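To start, the structure itself, in structure tokens.
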Amino acid sequence: MKKIRLKAMAKINLGLDVVRKREDGYHEVRMIMQTIRMYDQIELEPTEAPGIRVSTNLNYLPTNEDNLVYKAAKLLMDEFDVKKGLNIGLRKFIPVAAGMAGGSSDAAAVMVGVNRLFHLNLSQKELMERGVKIGADVPYCILRGTALAEGIGEKLTHLPPAPAGYVLIAKPGIHVSTKFVYTNLKANELESHPDIDGQIQAIRSGDLKKVAELCGNVLETVTIPAYPVIEEIKDVMKKGGALNACMSGSGPTVFGLFDDREKAKAVYENLYGGELAKQVYLTTFFNNRKSGR
Ligand SMILES: C[C@](O)(CO)[C@H](O)COP(=O)(O)OP(=O)(O)OC[C@H]1O[C@@H](n2ccc(N)nc2=O)[C@H](O)[C@@H]1O
Ligand SMILES: Nc1ncnc2c1ncn2[C@@H]1O[C@H](COP(=O)(O)OP(=O)(O)OP(=O)(O)O)[C@@H](O)[C@H]1O
């Protein structure tokens with residue numbers, strides 16, 4: 001059997017609302033998810049020797065069962081009693097602990113790859129049902145594109161592609177734990193909620209300005225007070241002509257939406273190498289869910 005290569009793409013949350021906290025501690029959400037053109041590269045090589053071996057270009061990431069790629073491969077290989085082994089090569093480009101679902105997307109890509117390599121014949125839906133056992137964002141990372149995510153993030157409704165625009169990504173040099181953010185969220189005391197239904201309408205009518213105007217993320221109420229630099233980055237983007245700027249997921253990554261590439265480029269150059277952000281990228285939405293993997 002030959003090696004296969006896969007792309008694990010990052011996401012941003014165009015909108016993120018929390019409806020309530022469940023008894024098990026998880027939160028019911030309503031989120032507008034969007035894949036962007038930023039990806040980790042994954043190489044899968046089946047081996048005669050049993051076992052899963054992970055290598056990665058980032059020396060601070062785990063290579064044992066704590067890595068989500070390991071968990072994803074093990075979940076499927078155990079269930080289907082795969083006797084062969086697997087080498088997983090992971091080249092990270094998506095910022096880590098950033099709110100961009102990097103680890104979840106790696107896990108999703110490995111599930112798709114293992115399904116293909118070992119001819120498990122699972123449908124996308126069957127993969128997504130298993131993916132949620134690894135993490136709430138994994139089913140969406142299998143689906144990709146523009147989608148409404150409900151439940152804990154696993155109930156997905158595919159939406160038409162969000163209108164095209166330029167996406168400026170800036171991550172300050174801090175790592176934020178998703179668990180910390182949800183644990184400290186006062187879900188019953190939120191003063192305002194993003195208009196998720198309005199944003200869906202704006203997507204359906206192809207109105208980028210309106211999509212941007214309605215961006216909002218209730219997790220900012222936890223992450224921004226802890227890390228005010230996020231607000232500073234949002235201000236820089238808005239002053240530089242972004243239609244809007246918002247935190248992605250549990251943060252600390254900020255994304256700005258632009259309809260003008262020159263303005264986006266100017267803010268990119270302003271932030272790049274500066275004090276506020278450690279990693280800065282200019283990219284676009286990715287919506288061709290069938291390609292690129
Ligand atoms: C912030 C987002 O990235 C937005 O897309 C997701 O909601 C989080 O997805 P994720 O990182 O895949 O989440 P998981 O790995 O399943 O959970 C990490 C931690 O976040 C909290 N968590 C996560 C999802 C959710 N709907 N409610 C929660 O309270 C739980 O405390 C959990 O211990
Ligand atoms: N393949 C992986 N890539 C990145 N981090 C991983 C991976 N596997 C395990 N981890 C661990 O998970 C933690 C968070 O990873 P990740 O980059 O997925 O967070 P995130 O961007 O906040 O995700 P999300 O948006 O889903 O909350 C890291 O601190 C890391 O130790």
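Every residue gets a Cβ built from N, Cα and C, even glycine.
Note that the structure is a prediction, hence the values are computed from the model and not measured.
The Cβ of K11 (active site) lies under 8 Å from the Cβ of M33, Q34, T35, I36, M100, A101, S105, D137, Y140, C141, S248, G249, each of these being in the same chain and 6 or more residues away along the sequence. Annotation comment: TrEMBL describes K11 (among others) as active site.
As annotated by TrEMBL, active site applies to D137 (among others). Look at D137 (active site): DSSP puts it in coil.
What TrEMBL records for P95, V96, A97, A98, G99, M100, A101, G102, G103, S104, S105 is ATP binding site. Counting every protein chain shown, the number of other Cβ atoms lying within 10 Å of the Cβ of G103 (ATP binding site) is 27.
Annotated domain 'GHMP kinase N-terminal' per TrEMBL: 67-145, in sequence order.
The annotation domain 'GHMP kinase C-terminal' is assigned in TrEMBL to 200-271.
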Inset, instruction - Counting Cβ neighbours within 10 Å across all chains shown, tell me which of the binding-site residues P95, G99 comes out on top. - result: G99
Inset, instruction - Check the recorded positions K11, A97, G103, S105, D137 for any whose Cβ is under 6 angstroms from an atom of ligand 1, and report them in sequence order. - result: D137
Inset, instruction - Identify, among the recorded positions A97, A101, S105, D137, the residue whose Cβ has the fewest other Cβ atoms within 10 Å in this structure. - result: A97
